[in-house]
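Chemist: Handing you a structure now.
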Amino acid sequence: MARSRSSSLSRLRYINPAYYLKRPKRLALLFIAFVSVTLFVWDRQTLVREHEVEVSMLKEDMIQLQNQLEELKNIQGVSGEKMNLNGKHSEVSKKEGTPDDPIDIQRRQKVKDAMLHAWNSYEKYAWGQDELQPQTKNGVDSFGGLGATLIDSLDTLYIMGLDEQFQRAREWIANSLDFNKNYDASVFETTIRVVGGLLSAYDLSGDKVFLEKAKDIADRLMPAWNTPSGIPYNVINLVHGNAHNPGWTGGDSILADSGTEMLEFIALSQRTGDPKYQQKVENVIAELNKTFPADGLLPIYINPHRGTTSYSTITFGAMGDSFYEYLLKVWIQGNRTTAVKHYREMWETSMKGLLTLVRRTTPSSFAYLCEKIGSSLIDKMDELACFAPGMLALGSSGYGPDESQKFLTLAEELAWTCYNFYQSTPTKLAGENYFFHAGQDMSVGTSWNILRPETVESLFYLWRLTGNKTYQEWGWNIFQAFEKNSRIESGYVGLKDVNTGVKDNMMQSFFLAETLKYLYLLFSPPSVIPLDEWVFNTEAHPLRIVTRNDQEGNSGGSDRQHKLIVRSRARKEGRFGDD
């Protein structure tokens, strides 16, 4: 026992600092040993970190090489393969006829890389939230926590062939998406982004989880149409179903917010076989058609109790725009049959009114669309109204030869103006709206840019419908301006001022849903989302065209229509894939 105690005390002296102070050589050896071990551990950790970075870079290089290989297959007209959601491979048909332009391939890849940067930033910093704030690297629930960016991006991911990202988003929707939120949601924004995004993902993939979720959120929106006139309230609580209008409208409903749900709700009736969705939205058009004016131009405020318009602005910009867009697109969605002819007729009436709003600047003769209050014209045009060139081009084919050319020419003139909204600023990005003065052409009004898509949307349609590659060049210039001014390490941001380039802190969900999708399609073959098979909603979500017959009239969807959808999807599975 005494020997054991003595041995223990002997060992303890080595941890006593006084022992080493009396023996400097041993202290020096201990210090050298400590430094050596520290350097060894630090070196190992550094090597591990460097290895992780190298592995990550190699993965990125591998993805890029895979993408380039797929693009080379496109040039040679080789059919690729795309993994579907069930893990089975299905052929992806490529562009028929002439090979893909190598410049288009390179530009398309650049846009795809931009989408990956935006998506990866969202996934890293704001997963499951509505939108990313890139500068502060956090998410924000701009729409009540419905996963707006995630849902808005689904079809863009699918079209670009980003299967792993699409699958992760699909799993979040299946397992985490919950609409049971005590939140007053915009009926319009929720419809175009969430219902539209889910239905498009369903039409593209055939995965029923998207249809089930679309039905869930649509059912929560339905009480908004329970008004004396059938004109919906524009805000509704997703849990309690209490609907109302914003206080700043004086109790009125907004034209665009009330008349931009037809595509989505008609499609939902067709896919589910339940006519109630279609009936609600088509009743709105029937009500407005009762007092539709001779020039087809409606003020932006409508009384939901009487169904009549209130004295307010007439515009193809904010709060008016997509109402006119959907008159045309419901006609296209129904495959231009007599069952949807009245939509086309209303649209053509409105286009007569649009012609009365066209003015031209001096000295450069830029065509633009005025706004109107009463009988007074206002020389102002929103960038939002830059959807109109695409709409006019898309609708021109329904006219006779002379009228068709007239509207196509106007579309091209307006597109030139919208492109110059971009080119006229130091950053080459457009402001929110422009004013026009005699002898001065145009000047930016509200000077922010929030990554809007309307101009590139119109360039996409004009390129598809005319084949004029000038529109691709304009789109490429706009894309480069976004890359230069809006891309940061953690995503994309808008500009507070297009003159100074000062950045904001928001990556809008429509940048991924619309702006990047239209830019990608601008450099893709026409067989990718062909316009004779798909119609885009106002958030750029493609929905399959389904022929509507006379006997169906306005009564809603049918099981037969739903079966046609399924057969069409099975027949053309993978038609739109590119990478």
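Glycine is treated like the rest: Cβ placed from N, Cα and C.
A quick note: this is a predicted structure, and the numbers were derived from the prediction, not measured.
Pasting the relevant annotations from TrEMBL:
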type	residues	note
COILED	48-75	coiled coil
ACT_SITE	Glu189	active site, proton donor
ACT_SITE	Asp321	active site
DISULFID	Cys386-Cys418	disulfide bond
ACT_SITE	Glu432	active site, proton donor
ACT_SITE	Glu454	active site
BINDING	Thr538	Ca(2+) binding site
REGION	547-579	region 'Disordered'
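Buried or exposed, and what's around them? Tell me for each listed feature.
Modeler: Long-range neighbours of Glu189 (active site, proton donor) (same chain, six or more residues apart, CB within less than 8 Å of its CB): Phe143.
Here Asp321 (active site) comes close to Ala256, Thr315, Asp382, Leu384, Ala385, Phe387, Ala388, Thr538: these same-chain residues lie at least six apart in sequence, with C-beta atoms under 8 angstroms from its C-beta.
There are 29 other Cβ atoms within 10 Å of the Cβ belonging to Cys386 (disulfide bond).
The Cβ neighbour count for Glu432 (active site, proton donor), using a 10 Å radius and every protein chain shown, is 20.
Cβ neighbour count for Glu454 (active site): 26 (other Cβ atoms within 10 Å of its Cβ, all protein chains included).
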Chemist: How many whole Å apart are the CA atoms of Glu454 (active site) and Cys386 (disulfide bond)?
Modeler: 5
Chemist: Roughly how many angstrom lie between the C-alpha atoms of Cys386 (disulfide bond) and Glu432 (active site, proton donor)?
Modeler: 11
Chemist: Let me check the 10 A CB neighbour count of Thr538 (Ca(2+) binding site). How many other CB atoms are there?
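Modeler: The answer is 25.
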Chemist: Rounded to a whole number, how many Å is the Cα of Cys418 (disulfide bond) away from the Cα of Glu432 (active site, proton donor)?
Modeler: 11
Chemist: Restricting to the coiled coil (48-75), report the mean pLDDT as a whole number.
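Modeler: Overall, the coiled coil (48-75) comes to a mean pLDDT of 52.
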